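So that you can see what the record holds, here are the features copied from Swiss-Prot:
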type	residues	note
BINDING	11, 32, 63, 99, 116, 117, 118, 141	NAD(+) binding site
BINDING	80, 86, 118, 119, 120, 121, 146, 147, 148, 149, 230	substrate binding site
BINDING	151, 166	beta-D-fructose 1,6-bisphosphate binding site
ACT_SITE	173	active site, proton acceptor
MOD_RES	221	phosphotyrosine
């Protein structure tokens, strides 16, 4: 599989590094407006190939490097300038994404486009509108990382292997995201039943759930406060998405996609558990949510829809989670 990564910053290079270690791609191209940076990242990574898996890595600022890509991963975008409104930034990044999609499609006929740039749900919609590709081939990294954070936080509290925890963050990758506690389980045991043993020891389950969710939702803010940016976690999350596409694994991941209809809203992107394979999103799983969770998901979808409409109507969107 050939993977092209647009954006050679810390997120893009972390994705390339994780993808290389997993042996997911036979060829990786890194493209950035700063051609020297992209070339340097590619050269640095290529020197580690003898210790992992055979892979050809190239970098530069020419989109011809993306020719015949199976998957195009987009991490590019720009930061907010002093005095710039969120709408101005969002519209600017939407133009950047549109330009990237147009450039990539000149060299690859029917790639899967994997959006990582934030706000990921809105920009997934932008890529879908610009590309003209089927919905199933436009994927956002969505809440894949948020879901991993939730599972790790549950595992830390319960002293478990996080791979044995099955819980999902759904909706927006941002402050309106929700945890689907009603579907969460440990080894097939519903999470609330699993926690019954702790209740006898004085554990206040609902307060623990609330704290775990808040730590999950606000994780990016804490990381950015400590080190300035997040990139390793999202690098591994995106490499996992690429792995299931390359191997046609039909794994279930909480990626973002543009839903044709949801509770009266058309063409709204958000994350729910989805089956991924070589064609992209093979199917979307119907979650049995509680009434409160369904209301939360509906609210999250409305938040995303409002951000999309703000681009079209020149209205100021609300803030979103940085990563």
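Each Cβ is built from the backbone N, Cα and C atoms, and glycine gets one as well.
For the residue listed as 'phosphotyrosine', none of the binding-site residues have C-alpha atoms inside a 10 Å radius of its own C-alpha, out of 11, 99, 117, 118, 151.
Neighbour counts of Cβ atoms within 10 Å were compared for the binding-site residues 32, 146, and the top value is held by 146. Ranking the recorded positions 151, 166, 173 by how many Cβ atoms sit within 10 Å of each one's Cβ puts 173 at the top. Residue 116 (NAD(+) binding site) counts 30 other C-beta atoms within 10 Å of its own C-beta, drawing on all protein chains shown. Residue with the densest Cβ environment among the binding-site residues 80, 141: 141, by other Cβ atoms within 10 Å. Among the binding-site residues 80, 148, 151, 166, 230, not one has its Cα within 10 Å of the Cα of residue 141 (NAD(+) binding site).
Of all residue pairs in 80, 86, 118, 119, 120, 121, 146, 147, 148, 149, 230, the annotated binders of substrate, the farthest apart have Cα atoms separated by 28 Å. The Cβ of residue 11 (NAD(+) binding site) has 26 other Cβ atoms within 10 Å, all protein chains considered. Other C-beta atoms found within 10 angstroms of the C-beta of residue 63 (NAD(+) binding site) number 20, with every protein chain shown included. With all protein chains in the displayed structure included, the most crowded Cβ environment within 10 Å among the binding-site residues 120, 148 is that of 120.
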